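Once you've had a glance at the structure underneath, I'll fire off some questions.
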Amino acid sequence: MSSVNLRTVYAFAREMHSKNANIGPIQYGTAGFRTLHDRLEYVMYRMGLLATLRSRSFSGSAIGVMITASHNPESDNGVKLIDPMGEMLEKSWEDIATDLVNVSDDDLEAEVTKIVKCQEIDMNANANVYIGWDTRYHSPVLSRAVMNGVIALKGNMKEYGIVTTPMLHYFVYSHNVKGAYGVPTEAGYINKLVTAFKQLRGDNYENGNYKNHLLFDGANGVGSLKMLAFNRKLEGALQCVVCNSNGKINYECGADFVKTNQKPPTGLPIAPANTRCVSVDGDADRVVYFFIDEDGKFHLLDGDRIATLIASYLMKLVSECGVKLNLGIVQTAYANGASTDYIKNELNVNVACTPTGVKHLHHKAIEYDIGVYFEANGHGTVVFNQQTKDLISKTLNSDDSTDDQKQASNDLILAIDIINETVGDAISDMLLVETILHSKGWDLKDWLATYDDLPNLQQKVKVKDRNVFETTDAKRVCVKPEGMQDQINMLVKKYKRGRAFVRPSGTEDVVRVYAEAADAEDVKCLAAEISMLVYDMANGVGERPVIPQQKL
Ligand SMILES: CC(=O)N[C@H]1[C@@H](OP(=O)(O)O)O[C@H](CO)[C@@H](O)[C@@H]1O
Ligand SMILES: [Mg+2]
């Protein structure tokens with residue numbers, strides 16, 4: 001370590017940290033570090049250092065550094081680290097990351113030395129860091145800071161440039177498993193997904209109510225650029241019109257805008273009623289579908305819908321294969337109650353609930369042979385364990401299998417190839433949904449008819465200190481402040497099919513309130529009552545501000 005003088009390698013990063021010292025500590029949360037872009041240079045430098053150390057701790061396995069602020073406004077940026085198997089950074093290293101970012105410039109070298117010692121890192125081991133970024137104009141500058149961190153610790157790096165978050169997860173994983181998952185390049189990734197998609201689709205691009213045409217809202221982010229690249233390879237097998245490809249990122253468009261406002265994005269061309277539309281977010285790891293019917297009514301098909309559609313399709317193929325596999329769906333408390341009922345009562349599938357944040361869902365999903373996990377906001381994927389894949393391959397190759405069993409196992413293998421198992425991937429999820437709708441001969445109305453969502457609302461309440469709220473049981477029960485949950489229970493009881501919960505956001509300085517009930521007017525009352533309760537419990541009863549109503 002003595003040969004590496006961190007403080008002289010990147011003097012500018014020191015400046016930035018000192019300048020930002022008054023802003024207070026920042027935390028590696030559910031979405032890594034995320035804040036205004038001009039506060040992040042020293043954070044990026046230090047994440048370059050950390051990724052290099054993390055890689056050395058795995059004897060040189062690639063570690064990813066993704067520079068993005070996902071669905072946040074253009075002025076924000078952020079950074080997330082990707083672990084060797086393409087998953088999110090392990091929890092204990094999130095805490096190490098937080099400590100490393102918050103030490104003063106003078107203590108930086110000592111903090112790095114401490115990590116090396118505590119984690120028993122061999123500083124002579126190889127280190128490989130893969131770096132990618134979204135389309136924000138400040139991302140290239142921030143990527144230089146990450147690179148300087150890697151250089152400071154004499155690591156190797158590969159710049160992937162502008163990529164979606166799930167692409168970088170795929171690159172890291174496929175590199176570390178020596179190509180067994182795919183070729184770790186953009187061409188390799190697109191080729192893998194498109195080849196499987198085309199094979200499943202066959203020569204007939206349309207089927208029943210399914211039409212080969214959709215509008216794609218790229219949130220003015222990286223998703224639109226990559227979708228154009230997919231289109232070149234799809235060669236008409238999917239007629240996907242890419243919109244919102246060169247404006248301000250996430251501005252009045254994208255999956256988060258569509259989901260939270262329950263309205264279409266701006267920037268789409270005028271299209272016939274019932275046209276299939278899809279929105280992804282700024283870094284293309286979330287996806288939702290929507291359409292406007294002949295009466296001008298907007299209909300959303302969110303992550304809950306996608307999970308149920310995928311699960312029903314996979315279950316059918318598994319049963320046609322004649323194999324026994326344990327499939328489960330993982331949701332969060334934000335899942336619509338009607339979707340949970342549908343999973344339990346109609347699909348007869350196991351359903352689990354975890355805290356918000358995809359890493360929690362992912363960890364639960366890998367407990368199943370096939371784990372389908374989605375947040376209501378459209379972030380999710382499917383994971384298959386190795387025994388499941390082996391069993392399906394065995395069915396395909398066995399002389400004892402019938403033609404139908406072979407066909408189903410072949411389709412399952414192709415479906416697995418379309419799926420990016422490392423993390424939620426908007427384009428991969430969309431290609432899978434398109435495959436399923438095509439195979440069922442469904443339009444979006446057919447899909448919507450599977451169950452009726454309960455009316456629901458999500459609100460944000462700004463309080464003095466959001467951390468006075470503590471929750472348990474997958475964030476559904478509020479244990480602090482004392483008495484809060486009893487009062488929520490009393491309010492919820494007043495409304496038919498009422499359900500509500502509150503939790504401090506992990507990514508914004510607000511308390512989130514979620515409410516649902518059988519009646520749309522009841523939901524408004526319930527959400528308002530709970531929001532006022534949150535405000536009073538946090539700030540004391542007094543003059544309340546006007547609470548902005550936000551539809552989900
Ligand atoms: C209600 C909601 O959508 N919450 C989002 C949001 O987390 P919060 O902790 O609620 O701010 O951002 C997370 C990271 O993108 C995402 O995983 C999560 O689903
Ligand atoms: Mg995102």
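The backbone N, Cα and C atoms fix where each Cβ goes, glycine too.
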Given that TrEMBL assigns Asp281, Asp283, Asp285 to the Mg(2+) site, pick the one from Ser70, Ser75, Ser505 that the record assigns to that site as well.
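Matched candidate out of Ser70, Ser75, Ser505, per TrEMBL for Mg(2+) with Asp281, Asp283, Asp285: Ser70.
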By a simple count, how many Cβ atoms lie within 10 Å of the Cβ of Glu375 (substrate binding site), its own Cβ left out?
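Result for Glu375 (substrate binding site): 24 neighbouring Cβ atoms inside 10 Å.
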Cβ distance under 8 Å to Pro504 (substrate binding site), same chain, sequence separation 6 or more: which residues?
Arg466, Asn467, Phe469, Val510, Val511, Arg512
If you average per-residue pLDDT over the domain 'Alpha-D-phosphohexomutase alpha/beta/alpha' (61-96), what number do you get?
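When the pLDDT values over the domain 'Alpha-D-phosphohexomutase alpha/beta/alpha' (61-96) are averaged, the result is 96.
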I'd like the per-state residue tally for the domain 'Phosphoacetylglucosamine mutase AMG1' (183-288) from DSSP, helix first, then strand, then coil.
36 helix, 16 strand, 54 coil
Rounded to the nearest Å, what's the C-alpha distance separating Ser70 (Mg(2+) binding site) and Gly506 (substrate binding site)? Just drop the number here, would you?
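Computed Cα spacing between Ser70 (Mg(2+) binding site) and Gly506 (substrate binding site) is 14 Å.
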Rank aside, I only need the closest one: which of the binding-site residues Glu375, Asn377, Gly506 has its C-alpha nearest to that of Asp281 (Mg(2+) binding site)?
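In terms of Cα distance, Asp281 (Mg(2+) binding site) lies closest to Asn377.
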Same chain only, sequence gap of 6 or more: which residues have a CB within under 8 Å of the CB of Asn377 (substrate binding site)?
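Once residues fewer than 6 apart are set aside, Asn377 (substrate binding site) is near Ala255, Asp256, Lys259, Arg286, Val288, Asp302, Gly303, Tyr334.
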Among Asp281, Asp283, Asp285, Pro504, the binding-site residues in the record, which have a C-beta under 6 A from ligand 1?
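Near the molecule: none at all.
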